[in-house]
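Q: I have a structure here, written as structure tokens, and I will follow up with some questions on it.
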Amino acid sequence: MVSPRTYFKKAEVSILTVAALLMAFFLPLHIGLSNLFLILFFVGSGYFLFIKKEYVKRKPSLLIYTLLPFFLLYVIGVFYSEPTFIGTKVMGRTIAFLLCPLLLLFYSQTMLQRVKTSLFKGIVAGSIISIGILLVNTLLNYFATRPFLKFDDEILNYYYTYHYFTEPFDMYPTYLGSYVLFSLVLLFHNLFKNQQSNNLLIWAGIVFLSIGVLFINARIIFLLYGLIVISAVVLGAIRSFKQKRYFVLSLSLVFIVATVLFGARALSNTFIFSRLTNELKWELTDQVNTSYNTKEIAADSRIARWDAALQAISERPIFGYGTYTEKETLADFYLKNNLMVSYNNRYDAHNLYLSFALEYGIVGLALFLFFLISNLLFAIRARDLEFFFLFFMIAAISCFESYLQNNAAITFVALFGTVLFFSNLPNSKKNGYVDH
């Protein structure tokens, strides 16, 4: 018979793991609900660690590899921003950068693994349901203007993909895409590890989320998706070759080539193809108050905005302008360069490397690069695929988005990244590990 003490201890652990699962589950569905369960996770962690006193000790110096230094950087930046203390507006939004490292530092490896498993299950389930809801909504809108089950290439055009696709959840496509890509990596990893009968279910999830990637229609998401698929194909080919399954290998390669050729032809007259060709070319040239086609209103290309950002950085290169100053600082330089669309909309740089350099100078940019490179090296040393992909994805998306300045990315990276970091540290004296 289970003793009451053991029963309640299991219940307490279950509350933490369920909170983590639901936090991840609602990330692709409703960021507000996700935040609610993240708060529950913080409260439960505080109770478990400091009231129940069930924790381990690690070297506090390990925190330099987490997001904690960013929170401290934001605090320092508040004092020299103009107007002073304007940066306090974002401190609450970035509290996860402080709490996730401080709380998870004291988690045992057993608890970290349980939380990690819950996070992984939650984000896969949430991503599949999210894509399902959005696809149903898109199809309802599509068939509202034509006979039922009559398809043409219009389904992949402007009004059914990208912002219009994710509009029901009020979520920027790239952020939803990052959840979907991470879920795909988890599914592919399970597929290669798993020799059981549920491979068909995993494949169904991969195909379904791949359809979601198509409708999300974000260029950096396409690039990362391509890298995932190519890596999976190469790994699968190597495995089939080693197992001498030459017929399966040949058949698979023929199928892949045929799919690529058919897909390229099918997409050639769609908005997706236009975004990958005409719009991309427009974005990567110096365009001010122009449009790449007749459907879009006039805008300023990213190259033009990046040039304005570099001009701003050059005037305060060491410490930057301070916390929460990017948009107003850029607005001045947009005005100087006649980027009126960007000025009126108060656009940010759409590049996190430039954002850090703008607000915190070389110091901030160096901290961000240290964070990315150190965690990528830890992931390679640990041979942890999910850990590596998460930080590779952050590095890639940050080239085209101010990724960690949006709540949808802040909580995702703070909890997932910190759990993956600490769960890959060996329980050794070198890391100051002591079981309390």
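Please read every residue number as a count from 1 along the shown chain.
A Cβ is built for glycine as well, from the same backbone N, Cα and C atoms used for every other residue.
Taken from TrEMBL, the feature transmembrane segment applies to 7-27, 62-80, 86-107, 119-144, 172-192, 199-216, 222-239, 246-267, 352-373, 385-403, 409-426. Annotation source TrEMBL lists domain 'O-antigen ligase-related' at 205-369.
Situate these features within the shown structure.
A: With a threshold of 8 Å between CB atoms, the same-chain residues lying at least 6 positions outside the transmembrane segment (119-144) that come near it are 20-29, 154-155, 159-160, 164-166, 168-169, 176, 179-180, 182-183, 186-187, 205, 208-209, 211-212, 215, 386, 415-416, 419.
Counting only same-chain residues 6+ beyond the ends of the transmembrane segment (172-192), those with a CB under 8 A from a CB of the stretch are 27-28, 120, 123-124, 126-128, 130-131, 162-163, 165-166, 199, 202-203, 205-206, 209-210, 212-213, 216-218, 220-221, 224-225, 228, 232, 235-236, 239, 385-386, 389-390, 393, 397, 400-401, 403, 406, 408-409, 412, 416.
Here the transmembrane segment (199-216) has Cβ contacts under 8 Å with residues 124, 127-128, 130-132, 134-135, 138, 156, 160-162, 165-166, 173, 176-177, 180-181, 183-184, 187-188, 190-191, 222, 225, 272 of the same chain, all six or more residues outside its ends.
Same-chain residues lying 6+ beyond the ends of the transmembrane segment (222-239) with a Cβ under 8 Å from its Cβ atoms: 181, 184-185, 188, 192, 210, 213, 249, 252-253, 256, 276, 389, 393, 396-397.
Note on the transmembrane segment (246-267): residues 153, 156, 233, 236-237, 240, 273 of its chain, located 6 or more positions outside it, place their CB under 8 angstroms from a CB of the stretch.
Tertiary neighbourhood of the transmembrane segment (352-373): same-chain residues 65, 67, 69-70, 73, 77, 306, 309-310, 312-313, 316-326, 329-330, 391, 394-395, 398-399, 401-405, selected by CB-CB distance under 8 Å and a gap of 6+ residues from either end.
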Q: Which whole number is the mean pLDDT over the domain 'O-antigen ligase-related' (205-369)?
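A: Mean pLDDT, the domain 'O-antigen ligase-related' (205-369): 91.
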